[in-house]
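Asks: Following this message is one structure expressed as structure tokens.
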Amino acid sequence: MVWRTLVASNFSTCPNGSIQWIWDVFGECAQDGWDEASVALGLVSIFCFAASTFPQYIKACKTGNMDQALSLWFLLGWIGGDSCNLIGSFLADQLPLQTYTAVYYVLADLLMLTLYFHYKFKKQPSLLSAPINSVLLFILGTVCITPLLSSTDPVAVPREGFRGRTLLSVEPGNKPFTKKEVVGFVIGSASSVLYLLSRLPQIRTNFVRQSTQGISYSLFALVMLGNTLYGLSVLLKNPEVGQSEGSYLLHHLPWLVGSLGVLLLDTIISIQFLVYRSHDADAASEREPLLPS
């Protein structure tokens, strides 16, 4: 694996592991049923995220108005959050399943953004500009260089370096933050903020249009389910030996906020689908050609 050096045949570092294939494939030591449930929920969440984008791809091809239905700021905020999440997952030494999910996020977002610009430029070709190319180039560069960030061994940070910062200080039962993990924690926090902010432009776009036509509800429904399972998979995982539960939650806090924190905003979007459903039905009936008498 690129992001974590593992010796598949060496199970000695996980003496209490109950299922060896989990260690071999994911590098996670499943010591009991909670750890096994964590892995299972994480896998299901990945399938939810993987399936969520396909209905939107199909919807975009059918309606051809994806550039009107989805807010560009929503897509940019989403892909910005996923890019930060990917970098932060490597630097903060997150669970392998978190890293796998982050990689898929970025790839799916790139395809979604490509479809958006395809329909945008199809209608107005002259809008293609250098800033958009720069954004796509930055995202592509992020995907390419992120695996290289994990090749550097973390350097332990002396306790004096965090004097006055109680959350990141080293206390009994706490796993100390390394310099690389601190950077990853900050980037992960930025990704959580971008996730939260990305929903606001889409909520506004739906409100201004008084419609959710052109958007597949399956996109948000499956993302909500995936985020719920993803957050639960992190919460069910046992802390490392000698690490307190508080320290474990602190290390994973940005990713918990990024997954569970957006559920409220996605619920608002779900309500918009219900409220504007009748409007969309009326608009669709008006566009239907009259049957010949």
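Count begins at 1; order follows the chain as displayed.
Cβ coordinates come from backbone N, Cα and C, glycine included.
What you see is a predicted model, and the numbers here were worked out from it, not measured in a lab.
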Asks: Looking only at what Swiss-Prot records, is Pro96 on the same membrane side as Gly27?
Replies: yes
Asks: For the topological domain 'Cytoplasmic' (204-214), find every same-chain residue at least 6 residues outside the stretch whose CB is under 8 Å from a CB in it, and list them.
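Replies: The answer is 59-60, 63, 65-66, 68-71, 74, 269, 272-273, 276-277, 279-280, 283-284.
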Asks: Which range wins on Cβ pairs under 8 Å with the transmembrane segment (72-92): 38-58, 183-203, 215-235, 255-275?
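Replies: Stretch with maximum Cβ contacts: 183-203.
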Asks: Between 97-117, 183-203, 215-235, 255-275, who has the most Cβ pairs under 8 Å to the transmembrane segment (38-58)?
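Replies: It is 215-235, which has the most Cβ pairs under 8 Å.
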